Structure formats: structure tokens, C-alpha cells
Amino acid sequence: MGRDLRPGSRVLLLLLLLLLVYLTQPGNGNEGSVTGSCYCGKRISSDSPPSVQFMNRLRKHLRAYHRCLYYTRFQLLSWSVCGGNKDPWVQELMSCLDLKECGHAYSGIVAHQKHLLPTSPPISQASEGASSDIHTPAQMLLSTLQSTQRPTLPVGSLSSDKELTRPNETTIHTAGHSLAAGPEAGENQKQPEKNAGPTARTSATVPVLCLLAIIFILTAALSYVLCKRRRGQSPQSSPDLPVHYIPVAPDSNT
């Protein structure tokens, strides 16, 4: 049968065999063929495991993993990483994703929970204030004794208290002045707006009037040209032609 094949058919058969061998070769990070469904953007060998920084990056941006024939593919946002099924870092990432302790979705949930957590210091302060308000009978008795044993304040302290109240009075006066100045400032702001109103209207009417004047001049010039053309095209009055009389001989019968 080999003798019956022509040289051209032998070459064609050889090319088909070479193409079949090329397609069955394993590609870069793709077991089976170049056009397989388990493609890897980066293949990490078992002899050189990834660094700690790279592992942290994978834990943060990892989305899913797929089990292939001899390796596992980890899918990230725009690329993929593959490693052997029995590699320790592969097993660690797989268990982390199964337990939902890492990955892109887990980092989003953690960030959302941080925003929702309430602040604890105000609650503790409120509880401390509530506990300080509760007094035992012994504490109340001590407070009354201390209040009765307090010495009376001298006159100088009273004058100092009065001096301390003066800044408050000055602040009240300044606040009243600012409140009174508020409506005046509003009226002063309204007056420039009222003055600016007529000027804006006049500035808007000036171009309109100029446009109307230009249109009027153009229509007058056009009507003048048309009237001049009509006068030139009208038939001029022709002069009177002379009348020629032919003498007629008188009839002999008459």
C-alpha cells in the first residue's frame, strides 16, 4: 500500500502527523494540549516554592481554585497561578479558601465589618458615669460632713468670681452684635444685586438693538437694488415713427 502512495500524498501525511504531535505536546502550564481548558498564567515548580510576600498577595486577591490533572490552578483577578497538587503551599491555600479565611471575598467582608463595629470608649464612659452616680449611705454621710466643714470663702474670691463672669458678658454682647449685624449684612448684599439687575438688562438689550439696526440697513439696501433693477428692465418709450402716404390714382370710371 505504501508503494501506491504518491510523493505529494506522502508529504501531506507527514505534515498531518507533525501537526498531531505538536498539538499533543503539553504547553506552558497547560496539561494535555495547548488549547486545553486548564490554562495557567504562571506555573510554580515544586522545587522553588513562592515567597512569603507572594503568598500574602495570593491570600488577599485569591478568588477560586480548580483541580486539574497533575496540578491545581488558583484564579486571581486577571491572571492565574498553578502549582503541584501535593505542594504544601497549594494545600494551605486550598484549605484557606475552603474555610473562607482568605481570598478577595473574605477581605471585603473584613473591611465591611470594620466599618460596622461601634466605638467602645463612649459606652465605657457612660457606664463609669452611671456607677459614679450611685452612692452608698456612708458616702452620702461623708459628703454632708465635708460640706459642713468647708470654710467660708473670703471677699477676694468673690470678686475674682465676678471678674470671671465678665468675659461671659462680653461674649454675650459680641454675639448680640453679630446677630444684629447679620440682617444688615444681608441687606447690604441685596443692594448690589438690585443695582446689578438693571445693568445686566441693559447689557443684554444692547446687542439686540445692534442686530435689529443691521437687519434694517440690509433690507433697505436690498430693496433699493431691486427697485433699480426693475427700472432698468422696463421698456423704454419708442419715438414716433414717420408715416408714409402712398398716392393712389383716381379711378377712370368715376
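Cβ from N, Cα, C; glycine included.
What Swiss-Prot records for this protein:
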SIGNAL    1-29  signal peptide
TOPO_DOM  30-205  topological domain 'Extracellular'
REGION    32-107  region 'Chemokine'
DISULFID  CYS38-CYS68  disulfide bond
DISULFID  CYS40-CYS82  disulfide bond
REGION    146-165  region 'Disordered'
CARBOHYD  ASN168  N-linked glycosylation site
REGION    178-200  region 'Disordered'
TRANSMEM  206-226  transmembrane segment
TOPO_DOM  227-254  topological domain 'Cytoplasmic'
REGION    231-254  region 'Disordered'
Rounded Cα separation (Å) that holds between CYS68 (disulfide bond) and CYS40 (disulfide bond): 10
Cβ neighbours of CYS82 (disulfide bond) where a neighbour is any other Cβ within 10 Å: 25
Integer Cα-Cα distance in angstrom, CYS38 (disulfide bond) to CYS82 (disulfide bond): 10
Disulfide-bonded residues listed as CYS38, CYS40, least Cβ neighbours within 10 Å: CYS38
Secondary structure content, the region 'Chemokine' (32-107) (per DSSP, counts of residues): 25 helix, 16 strand, 35 coil
CYS68 (disulfide bond): tally of other CB atoms within 10 A of its CB: 19
